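As structure tokens, the structure follows; a few thoughts come after it.
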């Protein structure tokens with residue numbers, strides 16, 4: 001491998017979220033800023049919004065007259 005072509009790896013990179021949560025990880029950057037993390041993401045907080053997929057299927061069937069036979 002060639003010397004001097006790889007970026008310097010930082011073992012204690014601080015990750016800052018928009019919600020105020022901070023944690024450390026490894027990266028080639030010294031600091032990372034993210035908009036969403038596991039502390040504020042709806043999937044991890046349990047505050048998920050259920051999407052009504054059934055309504056979309058009914059709309060499709062109605063549009064193409066499927067199931068009315």
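Cβ atoms here come from the backbone N, Cα and C positions, even for glycine.
Copied over from Swiss-Prot:
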BINDING   17, 19, 37, 40  Zn(2+) binding site
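Secondary structure from DSSP puts residue 17 (Zn(2+) binding site) in a beta strand. A 10 Å cutoff on Cβ-Cβ distances gives residue 37 (Zn(2+) binding site) a total of 17 other Cβ atoms nearby, all chains included. It is 19, among the binding-site residues 17, 19, 40, whose Cβ has the fewest other Cβ atoms within 10 Å in the structure shown.
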